[in-house]
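Novice: In case it's useful when we look at the structure, here is the feature table from Swiss-Prot:
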BINDING   8, 9, 10, 11, 12, 13, 14, 15, 16, 17, 18  ATP binding site
BINDING   188, 197, 200, 203  Zn(2+) binding site
């Protein structure tokens with residue numbers, strides 16, 4: 001039996017990953033992390049979606065220690081989430097240092113326990129928000145370290161790594177879940193479901209990708225299929 005664990009926030013990217021994983025694996029588990037995030041409404045959204053989509057199990061792990069260590073606008077109410085700035089340079093204040101290091105490591109431990117062969121994460125390098133822990137180089141390096149440390153080949157899969165947001169919408173549509181991802185996921189840094197606040201970087205990436213996809217579905221769908229190998 002093929003098993004996978006999805007690092008699941010209830011947002012656009014991880015929900016799209018879950019939708020695909022359910023088609024590719026016999027048994028899919030979801031792991032969601034409570035780190036005291038500003039947008040912690042995502043935890044309830046993740047619970048609802050994991051149940052609705054048919055995950056075998058959904059584990060919510062308390063990692064609030066991260067909130068004490070990692071200073072970010074997503075972990076401190078006193079630091080405002082900035083509006084999207086297209087010309088901004090450097091790492092944004094929404095970056096939570098160590099978050100994906102912790103999440104992927106804990107997800108791998110869970111995968112070890114449930115005998116899953118893969119940990120799936122929705123990180124992406126093509127239009128990411130400037131986070132160093134969304135890079136392919138990082139994921140591969142951590143995957144190597146974790147596999148060595150556990151003496152077990154647990155594969156980190158990144159199905160969205162080389163597709164952009166428009167193509168991620170196309171992937172959701174490919175599996176017949178475009179409306180669900182648009183209306184029932186939570187991507188917004190300010191914790192607003194669906195189309196979100198419309199001002200933060202997460203909402204901007206999501207909206208621009210959707211508009212691009214809806215404006216030229218055939219071209220974007222074809223590009224997504226070519227990059228992912230789907231028919």
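Glycine is treated like the rest: Cβ placed from N, Cα and C.
What you see is a predicted model, and the numbers here were worked out from it, not measured in a lab.
Are these features on the surface or tucked inside, and what are their neighbours?
Specialist: Within the same chain, residues at least 6 positions away in sequence whose Cβ sits under 8 Å from that of residue 16 (ATP binding site) are 122, 160, 168, 171, 172, 177, 181.
If you draw a 10 Å sphere around the CB of residue 200 (Zn(2+) binding site), it holds 24 other CB atoms from the protein chains shown.
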Novice: In sequence order, which same-chain residues at least six apart have a C-beta under 8 angstroms from residue 10 (ATP binding site)?
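Specialist: Expected: 32, 42, 43, 44, 45, 46, 47, 48, 49, 185, 186.
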Novice: Which are the residues of the chain, 8, 9, 10, 11, 12, 13, 14, 15, 16, 17, 18 excluded, whose CB is within 8 A of where the CB atoms of the ATP site average out, their centroid?
Specialist: 6, 46, 49, 122, 185
Novice: Given the binding-site residues 8, 12, 14, 18, which one's Cα is the least distant from that of residue 200 (Zn(2+) binding site)?
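Specialist: Nearest candidate: 12.
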Novice: Considering Cα atoms only, can you say which of 12, 14, 18 is the nearest neighbour of residue 197 (Zn(2+) binding site) among these binding-site residues?
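Specialist: Among 12, 14, 18, 12.
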Novice: Which one is it, among the binding-site residues 8, 12, 14, that lies nearest to residue 188 (Zn(2+) binding site) by Cα separation?
Specialist: 12
